[in-house]
Amino acid sequence: MSTGFLSVDLDALTANWRSLDAMTDVETCAVVKADGYGLGVAKVGRALMKAGVKRFFVAVPEEGAILRHAVGPNVEICIFAGHMRGDTDMIADMMLTPMINTIGQLTRHLEALPDHPFGVQLDTGMNRLGLEIDEWASIAEIALTQNCRLVMSHLACADTPDHPMNRKQLDQFHLMTDGINVPRSLAATGGILLGPEYHFDMTRPGIGLYGGAPFADALPVAYLDLPVIQVRDVEIGETVGYANAWTAQRPSKIATLSGGYADGLTRALSAGANLWHGAQPVPLVGRVSMDLITADVTDLPELPGVLSVLGLDQTVDELAARAGTIGYEILTSLGPRYERRYSGA
Ligand SMILES: *Cc1c(COP(=O)(O)O)cnc(C)c1O
């Protein structure tokens, strides 16, 4: 086997969902956009459905259609992008629930699919998606007397509990929605951890399900191992890889592994990251190239067949820190070349 392998622990995934669910008294949905945060939306969606998820969120209808084929007709699939021109047939045929973001989307939806369920996304300060307060005031009565399933907004700073923006958005959400008679949702993973004030009627965790910050107690879900293709001896003064970026300071053993930036191992990791052999770190040396990386295995007691990139000794967030990014980006960059293996559920 010459490709890396990505092992996905579906039992850890569903355990994370149960832990997040146990932190609130309300419905816990699941966000599975971007192919289930890179881990495979069909497997992830089915495992979560069996664990009890009744409502999923994805970014766009195309993702909703794939998820619908995997999970069947009995769960709700909500679309953050709302109802865009050209999406009506897919929304109808795949029984998708668009989160309406503009007055134009609401008009399109009610004209094209009058009885079809929808939700409304409100902007409470993030200025990304959703209706502003005056727009909402002008159409709330119409929207709320149609088949509106939920009203939601999204927090910009929920991973920073002390940030004053959280309270500001909470107050704005109350101002915009108090007294309405449809379910409300404000919290993603970070919002769940902010406490009950933020939970409303349903939560929408994503990253916490997949083992990422800010859910500190999450179990790791993704394990990535790369096979060693070749090991060579390198003398003092010899260089390794593109641009001669690394020079041996001692007689060294260098392993070349299958996996590179085309697989989501970003070139930024060239600045200094570790692979792992059990609990022993193995420094990456030289530049990450498209299909390959090189690591200094001189200090290992034996020559390894594989080295680990993600696992118990290096979490998604630890690897992300090495690359100057966030766990979300590490997960959603995991490439299609890896062989995916699923355990549990
Ligand atoms: C991605 C997303 C979520 C999930 O956020 P996490 O931080 O991954 O839990 C929830 N709501 C909206 C609107 C999103 O875009």
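Here the Cβ of each residue, glycine as well, is placed from N, Cα and C on the backbone.
Taken straight from TrEMBL:
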- Lys33: active site, proton acceptor (ACT_SITE)
- Lys33: N6-(pyridoxal phosphate)lysine (MOD_RES)
- Arg128, Met290: substrate binding site (BINDING)
- 221-343: domain 'Alanine racemase C-terminal' (DOMAIN)
- Tyr242: active site, proton acceptor (ACT_SITE)
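Overlay of TrEMBL annotations on the structure.
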| residue | record | contacts (Cβ under 8 Å, 6+ apart) |
| --- | --- | --- |
| Lys33 | active site, proton acceptor | Phe57, Val58, Ala59, Val60, Glu63, Phe80, Gly206 |
| Arg128 | substrate binding site | His154 |
| Tyr242 | active site, proton acceptor | Gly286, Arg287, Ser289 |
| Met290 | substrate binding site | Gly260, Tyr261, Ala262 |
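Taken through DSSP, the domain 'Alanine racemase C-terminal' (221-343) splits into 25 helix, 49 strand, 49 coil.
According to DSSP, Lys33 (active site, proton acceptor) is assigned to a helical segment. Averaged across the domain 'Alanine racemase C-terminal' (221-343), the predicted model reaches a pLDDT of 96.
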